[in-house]
Amino acid sequence: MGIIVGCRRESAIAPDRLKPIARCLDQEPLLSAKDLELIRWAADYYRCPPGEAIFSALPTRLRRPVPSSQAQPKGWRLTAAGDACPLAQLARAPRQAATLTALKAQPAGIDDTSLRDQLGDCSAALKALATKGLIERCQVSAPLDRIGAQNLGIPPIGSPATSPKAWPDISPEAVPTTSPDASPDGLATSSLATNACAASPDSPTAGEPMLGPALNSEQQVAVEAVSEASGFNCFLLDGVTGSGKTEVYIRLIQRALERGQQVLVLVPEIGLTPQLAERFAQRIRAERVVLHSGLGERERETAWRRAAHGQARLVLGTRSAIFTPLPDLGLLIVDEEHDVSLKQQDGFRYSARDLAVRRAQISQCPILLGSATPSLETLRNAERGRYQHLRLRHRAGGAQAPRFLLADVRSQPLVTGLSHALLTRMTEVIEAGNQVLLFLNRRGFSPVLTCHDCGWISVCQHCDARMTLHRGHSQLVCHHCGDQRPLPVQCPYCESPDLRPLGQGTERVEDSLRQRFPGIPLARIDRDNTRRKGELERLLTAARDGAYPILLGTQMLAKGHHLPGVTLVGILDLDHGLYGSDFRATERMAQLLIQVAGRAGRAERPGTVLVQTRHPDHPLLIRLLRQGYAAFAAAALSERAEAGLPPFSFQALLRADSRTEQLALDFLRGARTLALALEPGPVEIWGPAPASMERRAGRFRAQLLLQCSQRGPLHALIDRLLPALRAQASNRKLRWSIDIDPQESL
Ligand SMILES: Nc1ncnc2c1ncn2[C@@H]1O[C@H](COP(=O)(O)OP(=O)(O)OP(=O)(O)O)[C@@H](O)[C@H]1O
Ligand SMILES: [Zn+2]
């Protein structure tokens, strides 16, 4: 299967190497010219082959030829190819006929899902067809007339209520509202919607405002600033945890929808979608869809198509939703914009946040990046005046900022990692009927198993890492390569039966808490026990309703959740973040700490955050806790400026891995030599050096860092370097890739 992106009458490629187009799979282009522009830009910027980039922008089902009976082995998908494209015209000509025939035929018998969807929601379908210039008035009204209103659930176009507007500027308002399925704003709440987030049939009528809490003045300023923006404008919504950023999003979404625009909201993790989707559902009536990897393939395709056809007006999704075609896109929102999960870490290594900014530019619409802990990149952009900095300095609704306590745990007795100070406070909070949230970013029972007699430790055979003991499954698991081994009954080295877990993960802390607080309901929330579909949602809802006095979890529990009953947050261990090898380690640590802490005291009861540490005098920690994230970030930025690190420079990381250390290093040494020969100018070349985890899944990993204070020379060098490397790296035992604007160097 291939993708048609353009046409030429002549080609430099030998005719026998050119493949004929056997069949065109799509009746209309899947992507608009703007969608294609974004994907091609991304492919170009992140150095991903354009074909791979386009495929990864499509739902999985559309990446395959249609598996129906009439499917032929080969076919082509059509993307926007521009009007000048003769192929597109060819493809369109039969399409018009096909569509019209289909419209004349019985809707249920149509095999094409998109068309069926369109028929289910004719107002949007007609609009979509008309805006694409694929149909004219006379051509459509006739067959529609003949099908009759009843069959399609909408009145015929020619009925008296229809304004006699000429195609193609038929707007949804032109469709009469007598139909049970069409709402006054023309955004049909189609019964065909399969996505969990489709507007419920009993939603109140669209158009009238729904009541929320009145906005406070800071929120008001933010809402006004963004809604007054015309054309492309980037805003940073820098609001402390619980300051009501979500409320600002909702108001802006409502306004955009009222203007007839579509809105795209990106969040870093699936776990954040249910809560946000629910808040949107309570306040926003237009059809909404959710797009994330947890959906079934068919569900995903349906949601994607509804967005692409303009039926879904609000799309909430994770990273890859950035590529969803949205013909009427008028606003983009990226929540938790600092989150590293917005960057794809393999294959097509794009940053969904950065692409969102680019997309807003292409669509000439505003974009809002929201966070309580903005990334240093974004803060720098705000500092330079490229982004408008909007601040929410106070918690909304009279909630107070949480109070921080540092617990020095050096030489203190710890009960499975919990200090006496923490346990005492927990008891008080639970007795007062409030909730405690304990944060430990390590799942499993213990991070390592050791032999008490000979000192053997459970290392992974394939990685430079230890295997984590998972008691639930009686296994040792490597969190890096996924290797699993049954729990040994004796030491594999000296055969001693005295094997002991060392350190604690969430399973072990859970055990200990159940003993310490018998009969008190406790929810552990981490990746291991939320694998079942819907489980995370269930736990979070129950947690929010106060069902569990004790909540224990990893970062899944840390971000974005509104848990009004939590008055104490205990942070068990974040010390490694103070001394991580990546230059972003402290930034990540600070963000995580502030986000977790932000779960405390979000309602009327004030919150306390107790941070256990072995480094109570660490200046970063002190600044962060005493002066807050903004002060921390300002200091971190000036350190970065001094060291010439991002955001004061731009980086690209050339990674290589192979079965032997030599091969990867040799390749990168060669790359370095090549780069130097290409006159890198101001671009600095660092390495090659082994990755900080040198061996992973049996492969040796090394990297070469390219860095420059300006983007231009860096990218110019990469442009010259990559073709040379491709020509050279014919060795199939070696894998290599380039990561533009890398976020992690592990
Ligand atoms: N103007 C307001 N007046 C009263 N309550 C408000 C107002 N705005 C928001 N709230 C409430 O404050 C609480 C916190 O708001 P919200 O969850 O939107 O904060 P947030 O900034 O998105 O938080 P976080 O970054 O921690 O996820 C919610 O219960 C919300 O309904
Ligand atoms: Zn491993």
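Cβ coordinates are placed from backbone N, Cα and C, and glycine is handled just like the others.
Annotation note: C491 (Zn(2+) 1 binding site) sits in a coil segment as assigned by DSSP. All protein chains shown were included, and the count of other CB atoms within 10 Å of the CB of C491 (Zn(2+) 1 binding site) stands at 19. Annotation source TrEMBL lists Zn(2+) 1 binding site at C451, C454, C491, C494.
According to TrEMBL, the feature Zn(2+) 2 binding site maps to C460, C463, C478, C481. Taken residue by residue with DSSP, C481 (Zn(2+) 2 binding site) is part of neither helix nor strand, so it is coil. When other Cβ atoms within 10 Å of the Cβ of C481 (Zn(2+) 2 binding site) are tallied across all protein chains shown, the result is 18.
According to TrEMBL, the feature domain 'Helicase ATP-binding' maps to 226-392.
Annotation source TrEMBL lists domain 'Helicase C-terminal' at 472-643.
With the fewest other Cβ atoms inside 10 Å of its Cβ, the least crowded of the binding-site residues C460, C463, C478, C494 in this structure is C494.
Residues C460, C463, C478, C481 make up the record's Zn(2+) 2 site, and a Cβ search at 8 Å around their centroid adds Q461, H462, A465, M467, H479, H480, G482, D483, R696, A697 from the same chain. Cβ packing within 10 Å was compared across the binding-site residues C451, C454, and the lowest neighbour count falls to C454. Excluding C451, C454, C491, C494, which define the Zn(2+) 1 site, the same chain contributes H452, D453, G455, W456, Q490, P492, Y493, E495, S496, D498, L499 within 8 Å (Cβ to the Cβ centroid), listed in sequence order.
Between the C-alpha atoms of C478 (Zn(2+) 2 binding site) and C454 (Zn(2+) 1 binding site), the distance comes to 22 Å.
Checking the binding-site residues C451, C454, C491, C494 against ligand 2, none has a C-beta less than 6 Å from an atom of that molecule. Taking the C-alpha atom of C491 (Zn(2+) 1 binding site) as reference, the shortest distance to any of the binding-site residues C460, C463, C481 belongs to C460.
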